[in-house]
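**Q** Please read through the structure below; I'll follow up with questions.
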């Protein structure tokens, strides 16, 4: 009879009403890293590192780039005959120059402060070319004979289009004194040059005067250049060299030229009609008939992510460049479907006492599963889920806003005398980049740890909310579930979920069932104790009889000698 009562009690326990606290799980394979763990699978995650580009040069915010193709900036500005397509160019968003363009200074020489001029172009978006000293305004000098085979055009000798190489006329080179006043509202970019002959014979052949100079002055410039006559190896078939200069002439300022030979005079100047953020980008790509907000030398980036690892040099509204291969923010929970056990988390909620996530609960992150005589089902706790979603969304947006500063990094150029500065600049930029990469990676690791612990704490809080309501009307099963000592229908289950559970209403029924179950356990325990004692005594008696019989047999056949001493 006792066994029947015990069996009935066990069956009753199995069939008791239950409510469990759990969390959402899905088929996601997304993984994140935290301070403590690597490759943690989560239900939801957000990638914040852009890794793709389109491999094209695009318009920047609707404005096309100026792609110089085989021409250099110097070849474009001076007017290399092979760069005639760039004699007049529209507004540009940025300038694209190849690493080693073939059409630069066709007549060999140097461009003074060339890197500074390129820096000026990084703040300029449109030039308007204007004539300041017409070619036919040199009656005492030859303005059309200054050509060279080094600058061919259609198989004939030619020269830079925007400057005039002045030669002697009728064996005379009268001293030049010319001025130009900037009456425009915009700054003017003016270029001129000086010719350095190969020997004295070439000097007199071209300019008649053996000793010459070129003097240029403005309100901010005072320059006097003297030709350097020297024997040099040939480049492009020329032993002579040309040196070009530039200056910015402010409105209402005047530039004065004076020379008695070797002067390469300006014919055209560039009016800076629009300033703005631009850049000179080194790239061999062609225009891809596309539009972007961020351009790199290897392709355009169209992304709202705050970071990228595509190329350190960018122009436009760009994410920050980092050296990382992966930066993923956790937004969801640890993805641990049932039948999978994970390590215990900080609060022991998701990865601790709860066995696994529920793929059947799809309308929330945290919630309940109940079972009673009316059936079973899942119900999400939408209030805690919404609070968590809002909190994590705000945090992710805050992180992205902090990182997503409009950022551009354009390469800087240095001349041969500034290599140490260039090396120092590169080391500093690499150092800053390493620090920024480390900070970004550390921030992601820390925030992922906090997010997962935040979810653990929310599940634990939901569990405690139920535990505090039920008190001793149910018992904890240790797996996130509670087993009732009373009947709990769907209305009762709903009251637990919304926090209105009436403890006194069910306490008497729960007490009686609890005492009945405890009594059954005590009675069954007494039966087991009696059986245990009986079994022990019987076993000991049987063992003693066996030992006595063995001893008697051994004594009777002489195997064992028995002596009784008094």
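Glycine residues also receive a Cβ, built from the backbone N, Cα and C atoms like all the rest.
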**Q** Annotation N-linked glycosylation site in Swiss-Prot: match it to one of 498, 557, please.
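**A** Residue annotated N-linked glycosylation site in Swiss-Prot: 498.
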**Q** As a test of the contact definition, list every same-chain residue at least 6 positions from residue 151 (disulfide bond) whose Cβ is closer than 8 Å to its Cβ.
**A** 80, 81, 106, 107, 157, 158, 159, 160
**Q** Find the one among the recorded positions 39, 83, 492 whose C-alpha lies closest to that of residue 58 (disulfide bond).
**A** 83
**Q** Around the Cβ of residue 83 (disulfide bond), how many other Cβ atoms lie within 10 Å? Please give the count over every shown protein chain.
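**A** Around the Cβ of residue 83 (disulfide bond), 24 other Cβ atoms lie within 10 Å.
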**Q** Just checking: which of 27, 83, 302, 498 have a Cα that is within 10 Å of the Cα of residue 318 (disulfide bond), counting only these recorded positions?
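**A** Qualifying among 27, 83, 302, 498: 302.
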**Q** Need the DSSP three-state call for residue 27 (N-linked glycosylation site) to compare against my parser.
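**A** It is coil.
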